[in-house]
Amino acid sequence: MEKWSLMTITVLLALTVRWAVSLGSYSGAGKPPMYGDYEAQRHWQEITYNLPIRQWYFNTSDNNLLYWGLDYPPLTAYHSFVCAYIAKLINPDWVALHTSRGYESQPHKLFMRATVFVADLLVYIPAVILYCFSLKETSPKKKASTCALCILLYPGLILIDHGHFQYPLSLGLALWAVLCLSHDWDLLGSVAFCLALNYKQMELYHSLPFFCYLLGKCFKKGLKGKGLVLLAKLAGTVLVSFAACWLPFGTDVEQIMQVLRRLFPIDRGLFEACMFSSPTHCPDKVANIWCSLSVLIKIKNVISPRTQLKLSFAVTFLSLLPACIKLTVQPSLRGFKFALVSCALSFFLFSFQVHEKSILLVSVPVCLIINEIPFMATWFLLVSTFSLLPLLLKDGLLLPYAVTAPAFLAACLASFSILDKTSAEDLQLKAFALSLRGYVSWLKSFPRIVRSLFLLSLSLMGALSVLSAAVPPPQRLPDLFPVAVAVVSCLHFLLFLVYFNVVILWDSKNRGQKKIS
C-alpha cells in the first residue's frame, strides 16, 4: 500500500508540472501563415474527418500538402480522426474543412491540451510506472517511486509534448514494448513496437535493437528447435500487425507508394529536418554532425542529395554496427536497453533529415537506465533538453525551461546522489579502465575529473541559455546562439555515443539478467 501511495504522489506531481507547462504558449501560436505543430495536429484532424481515406496523403484541391500535409504513418491518421470525431461533437468549427485553418481559441486550446493529457495518462505514464516497479534493482519501495519521479519529470519530453505540442504515443508504445520484452512476452512486445512504428516512422531509431535482441534470443534457443518456432511466431506477429495498420490502404499499390513517399521524402535533402514541405521554411539548427559540420563546410553545396543520402546511411550503419553485433551474439535485457540508447543516438547524429525533437528518441531509452548510471543519464538528459533551447525560445517556453530543467536536476540529486556516483565502477567503466595501461595511476582522480567536467558542462549550458534569451545576436551573425547551442550539444552527444558504446562492448557480465534458453 505504501509503495502505491508514494507512486500516486509522484504521478500527481508529474501531472501538475505538465498542467503548468500546458498553460503557456504552443508551437506557432498566432504566427500565420504556417503557424506550427499545434496547427499541424489540428489540420490533420480536419483532413481525416472530412476527406475519404484515399485522399489523406494525396495533394488535392481539398488537401494542400504544402500546408502541413500528413506525413506520418496510418496510426497517426487514425488517432487524428478519433480526436476530430470528438472535436466535431464539441464544436464543428474546430475541424470544418478549409474554414478552420489557423483556428485558435481558448476552448480549442483546452481541448487539444486535454488530448495530450489523455494520451499521457493512458499510454506513457502507466508504462513508466510499471517499468519502475519491474526493476529488480529498485525493489525497495522508495526506489521505484523516486525512479519514476525522475523519468516523469524529464523536462525535454514535458516541454515538447505539453508546451510545443506533440503526442507521446509512439514513445509510450515503445516503452510498453520494452516492458513486455522484460517479462519475456516477446509477441506482445512485437505488437507494441509495430504499433509505435506505425504511429511515427522515427521509431526506426529503435528498430535494430528490437530486431537484434529478438533474433539473438532465437539463435540462443536454437534455429532447429524452439528458436525457429519463436522466429516464425515473431515474423507472423509483425506481418499481421502491419497488415492490420495498413489495411485501409492495402487495396491500392499507388496508395501505399504515396504514403511511403510522404513518410520518407528523400528529395528534401540532408538538412530538411522539417516535417512538412513548405518552401518558405528555414530548417532549425539540429545538434547532429551534419548541421554542426555545415558551419565549416557547406555539405549541401558540395555533395548531391543522393550522395548525401548514401553518406549518411553509411556513417549511421557503421556507427551502430558494433552495438547491434554485440546484442545479437549476447542478447540480454541490459544490453538491449543500452543498445536502444546507442543506436538511437547514432541515428540522431548521423542519419538523414533529423529534427531537433528526435533527441527524445534517445532520451526516453536513457530514462530507462537512469537507475543503473544515474550520473551519466542525468547529464545526458540535461544536455538533450538544452539542445532544444532554440525551439523552446521560438515557442515562448523560456520560463518553463528555466524552471523544469533545474527542478529535474534537483530531483536527480536528491533521488540518486549523482555527484557521489562518479567512480569508474559507478559509470560501468571498470572493465574498460582495467584494459588500459596506467589504470592505477589515474583511477583515484577519475571521479574528481568527471565531476569537474559535469560542472563545466552545466556552466556552459547555463551561460548559453542566458545569452540566447537575453542578448541580441550580432547583425552579421543572427544565428550565432542557435548554432552555438547545436554545436555544443553535438560535441556532448558524440562523447556520450563513445561512452555508451564502451559500456556495451566491455560489458561481459550481463548483471541481473536471466539466462536465455
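For all residues, glycine too, the Cβ spot is worked out from N, Cα and C.
So that you can see what the record holds, here are the features copied from TrEMBL:
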type	residues	note
SIGNAL	1-22	signal peptide
TRANSMEM	110-133	transmembrane segment
TRANSMEM	145-167	transmembrane segment
TRANSMEM	173-197	transmembrane segment
TRANSMEM	227-249	transmembrane segment
TRANSMEM	335-352	transmembrane segment
TRANSMEM	359-386	transmembrane segment
TRANSMEM	398-419	transmembrane segment
TRANSMEM	453-471	transmembrane segment
TRANSMEM	483-506	transmembrane segment
Are the transmembrane segment (335-352) and the transmembrane segment (453-471) close enough to be called in contact, which here means at least 3 C-beta pairs under 8 A that are separated by 6 or more residues?
no
Hey, does the transmembrane segment (359-386) touch the transmembrane segment (483-506), meaning at least 3 C-beta pairs closer than 8 angstroms, sequence gap 6 or more?
yes
Cβ-Cβ under 8 Å with the transmembrane segment (145-167): same-chain residues at least 6 beyond its ends:
3, 6-7, 9-11, 13-14, 17-19, 21-22, 24-27, 36-38, 41, 79, 112-113, 115-117, 119-120, 125, 128-129, 132, 135, 138, 357, 359-360, 363-364, 367-368, 370-371, 378, 381, 384-385, 388, 391-392, 395, 397, 400-401, 404-405, 407-408, 411-412, 415-416
Taking a Cβ cut-off under 8 Å, which residues six or more beyond the ends of the transmembrane segment (173-197) line up next to it in the same chain?
73, 75, 123-124, 127-128, 130-131, 134, 203-204, 206-207, 210, 213-214, 217, 230, 233-234, 237-238, 241-242, 245, 333, 336-337, 340, 364, 368, 514
Short question: which residues 6 or more past the ends of the transmembrane segment (110-133) have a Cβ under 8 Å from it?
3, 7, 11, 14-15, 18-19, 22, 38, 41-42, 83, 86-87, 90, 94, 144-145, 147-148, 151-152, 161-162, 165-169, 171-173, 175-176, 178-179, 182, 367-368
